[in-house]
Amino acid sequence: MTIDTHCHYDMMENPTDYISKAESQGDIIIGMTNLPSHYRMGKAHVVGYKHIRLSLGFHPQLAATSQHELLMFDSLVNFTSYIGEIGLDFSSAYSNSKDIQIKSLRHILSKISGDTHKLVSVHSRKAEKELLALLLEYRIPNVIFHWYSGSISLITNIVSAGYYFSVNEAMTKSANGRKILSTIPKERILTESDAPYNKHYNIRNTLEYLNMSEKEIYQNFRCLINRMKY
């Protein structure tokens with residue numbers, strides 16, 4: 001059994017085959033969406049699955065062109081316990097939309113502020129400090145930092161906030177990624193694929209590098225999921 005806490009299976013060539021195979025193997029997948037309209041289209045296709053979930057998302061890279069989708073987010077947010085992919089992206093290609101990204105994220109976080117029954121997967125590229133500050137401001141309790149690539153020093157603050165990190169095989173292939181992996185406490189590590197966008201997404205290879213077992217990841221995952229019950 002593998003646990004994939006960040007996968008864009010709705011963007012795959014044959015999503016139904018992918019999640020059906022995973023379900024038959026007992027694998028757990030939390031699917032991301034990039035926009036509320038994608039979630040609305042995909043939700044019906046995961047009804048009845050025991051181990052497969054779909055998250056309501058609003059990707060920061062699409063914030064500048066998708067403001068009309070925020071009303072749809074509002075209409076759907078109370079029908080799911082899973083939120084993602086949301087966040088901020090201040091990398092050079094998207095820095096010109098910084099203000100609209102922050103405005104959009106504030107809107108989203110205001111809808112789930114203090115909600116212990118939501119699990120949130122966040123994108124934080126080149127905006128890790130700003131994103132963490134907003135998550136704390138809006139009292140978002142259950143957060144997974146997806147494919148973290150920020151400063152080593154900020155990891156302590158993220159851990160102190162009670163948050164987790166989802167990591168993937170691609171991180172094992174760069175010096176910065178390996179340094180990050182060696183710094184995150186093992187009890188805060190979850191696995192992800194970020195497929196199909198990530199070409200190095202073999203979860204078992206990630207586990208081998210980390211010298212962690214599927215059982216250890218499952219225990220971490222259960223600790224996080226159990227928070228949502230209270």
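Cβ coordinates are placed from backbone N, Cα and C, and glycine is handled just like the others.
Automatic, uncurated: that is what TrEMBL annotation is.
So that you can see what the record holds, here are the features copied from TrEMBL:
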type	residues	note
BINDING	HIS6, HIS8, GLU85, ASP194	divalent metal cation 1 binding site
BINDING	HIS123, HIS146	divalent metal cation 2 binding site
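A map of TrEMBL features onto the structure.
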{"residue": "HIS6", "record": "divalent metal cation 1 binding site", "DSSP class": "strand"}
{"residue": "GLU85", "record": "divalent metal cation 1 binding site", "DSSP class": "strand"}
{"residue": "HIS123", "record": "divalent metal cation 2 binding site", "DSSP class": "strand"}
{"residue": "HIS146", "record": "divalent metal cation 2 binding site", "DSSP class": "strand"}
{"residue": "ASP194", "record": "divalent metal cation 1 binding site", "DSSP class": "coil"}
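Each of the binding-site residues GLU85, ASP194 was scored by the other Cβ atoms within 10 Å of its Cβ; the lowest score goes to ASP194.
Most Cβ neighbours within 10 Å, among the binding-site residues HIS6, HIS146: HIS6 holds that distinction in the structure as shown. For the pair HIS146 (divalent metal cation 2 binding site) and GLU85 (divalent metal cation 1 binding site), the C-alpha distance works out to 9 angstrom. Cβ neighbour count for HIS123 (divalent metal cation 2 binding site) (all protein chains, 10 Å cutoff from its Cβ): 22. With respect to their backbone Cα atoms, GLU85 (divalent metal cation 1 binding site) and HIS123 (divalent metal cation 2 binding site) stand 7 Å from each other. Sequence-distant contacts (6 or more apart, same chain, Cβ under 8 Å) of HIS8 (divalent metal cation 1 binding site) comprise GLY31, MET32, THR33, ASN34, GLU85, ASP194, ALA195, PRO196, TYR197. A gap of 11 Å separates the Cα atoms of HIS123 (divalent metal cation 2 binding site) and HIS6 (divalent metal cation 1 binding site).
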